[in-house]
Amino acid sequence: MNFIEKQYIPWKDFLNVASACPITNVMDIEFNLTNIKKCINEALNKKVKYIIFPELSITSYSCGDLFLNNQLLNSSLNVIEELCSFLEDKDILVSVGSPFLYRNSLYNCAFIIHYGKILGIVPKSNICSSEQRWFSSGFKIRNEYVSTYFQENIPFGIDLIFQSGNFKFSFVLGDEFNNPIPLSSYLSIEGANIIGNLSASNELVGKSQKRRDFLKTTTQRLSCGYIYSSCGVYESTTDLVYSGHLLIGEQGNLLKENKRFERENEIIISSIDVNSLILNRIKNNYLDEYSNLCPFNARTINFNFDNLQDFILQRDIKKYPFIPYDKEDNRLEEIFNIQVSALAKRLEHTNLKSTVIGISGGLDSTLALLVTVKTFELLNLDLKNIIAITMPGFGTTDRTYNNAINLCKKLGISLREINIVKSCLQHFEDINHDPNIHDVTYENVQARERTQILMDIANKECGLVVGTGDLSEMALGWCTFNGDHMSMYGVNASVPKTLIRYLVKHFALEEKDKETSSILLDILDTPVSPELLPKDSEGKIAQKTENIVGPYELHDFFLYYFIKGFEVKKIYYLACEAFKENYQSDIIKKWLKFFIKRFFTQQFKRSTVPDGPKVGTIGLSPRGDFIMPSDGSYNSFLE
């Protein structure tokens, strides 16, 4: 049985969580409970294991001085008991907000309930000035236990982590983005990997973006999941309006968000990948360094989820993890500027005023050329000192040849043409190779001949050879060792094929000159090929890379998650989910096996790659990005 047949168990890594905002009526506690129950039932029907409700969701947040009324306090505790009874047979972790009286002080608390038992009560620690009229800060409450008339010895304090297996929950109350040190930071240092935030955040212009930004930066910084729930439009509007903002995030990403200002029971659901969070914490082992700064030692409250295997993934798995999905073109410009800045520094350091670049009419060399042109403009260098060389060979088609020629002319750079057929035939004769045998020698002779030409002209012109190879080719080793594998500086070294396509498309659509735009769009439409084998009978590309090594969109997907440390069977599971409308599972399996084998066997090429800039979180530079022996075995990854 190989790695694919060993079924991946998603519920060991993922947990379905929900954030809810029920319809409420201020101080109508039974009414509020009814809608809380409705949300819980909906969550259960959708295989959710954890649901969070807003701050003071039992009473509503805007009760004012009636928080100090004994009847309201007693009623809220009675409803908590009723909620516990409702949850006795339900395998779902619930956090609801309610006031709680302890030692003559009133606290704004989160009640954490599972199977009808209160696992713990967490008081709000950061009390804003308006709330100090009624509530005390719970920041100093640690190692305490409380009892109610229906349950004794309940853990009480801010120092609680609720653990079931690898899922470690902690809870905070109120917006954290104004806190100098958010409580979630301390709790994450102590081991929590899922933070629940019960909030009552009034709506102001621009405030919702602050919440989103805080969630993204916090989950990235702490490598955690974060579920946020704020009270909604049925709070009192005497002075303020609440929008019922719901957010679920993980590791710098916003997984789910609701439409604010809704007037029905609202619930959003997503799947948190806790295994990914754990892997990231192992890789970036920084939280432990701050353990001595935490003002408390957390208490772990153990509980057990049952029937975790009753799981349905409720999360969009993006096909193209390297591509920004927020449609913000400034990220594309940022990638481009990183490449430009890197090449500019190398030219300044070497004091070289010219570059040499091989132009094929393909995607990679097109992006490298655009980067080079922009670099020369930045440094106020003469564009004529960009020496583009097109080197037609046995497989060069009119389409790629003409696109290469026309693009160079439109960009105003120097262009030279050197046909390699004659020199390759001479080399075949020298090494006693039959040119009718189209094997790896036949192909690599051409690739190395082109590299030799580029290097020699660079020496002659005192220039720098700009490499065009990309991250996807580096991962697969789809390059000729000491051929296109080699250059003097590789500007595309950490840019995968799917992202290169996206970048070139962006520049094509932004280009004001229609002819240049048309050339770029045709390059985008051209099949990826090294054009090392002869053309077909119609003069078109016969050697199509993706027919040989598989779709780059799959390989980029595999690469992204493999470098993040995911198991191969998990990558297969995610790929089947992401590409279920595009590829059958056996096709995905075939190319995943191919990827793993190539990734291991081609490491020797990556161990000797030229310098090149890192543009994203994933890179394969042997100088620190990804360190791997050239003679490692892939067997354990495919068994």
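Going from the start of the chain as shown, residues are counted 1 onward.
Cβ from N, Cα, C; glycine included.
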Annotated companion of N444, E473, W478, C479, T480, F481 at the deamido-NAD(+) site, TrEMBL, chosen from K593, K597, K605:
K605
So TrEMBL lists G358, I359, S360, G361, G362, L363, D364, S365 for ATP; which of T300, T441, T451, T468 goes with them?
T468
Surrounding CB atoms that lie within 10 Å of the CB of D364 (ATP binding site), all protein chains:
23
On a count of neighbouring CB atoms within 10 A, which of the recorded positions K124, K207, K605 is highest?
K124
Have a look at the binding-site residues (G358, G362) and report the one with the fewest Cβ neighbours inside 10 Å.
G362
Would you list the other residues of this chain near deamido-NAD(+) - those whose C-beta lies within 8 angstroms of the C-beta centroid of N444, E473, W478, C479, T480, F481, K605 - in sequence order?
A447, G469, G477, G483, D484, H485, Q602
Using G358 (ATP binding site) as the reference point, find which of the binding-site residues S201, E473, C479 has the shortest Cα-to-Cα distance to it.
C479
Calculate the distance in Å between the alpha carbons (Cα) of C479 (deamido-NAD(+) binding site) and S360 (ATP binding site), and round it to a whole number.
15
What other residues of the same chain, not counting G358, I359, S360, G361, G362, L363, D364, S365, T468, have a CB atom within 8 A of the CB centroid of the ATP site?
T366, A368, L369, A404
Using a 10 Å cut-off on Cβ-Cβ distances across all protein chains shown, tell me which of the binding-site residues (W478, F481) has the largest neighbour count.
W478
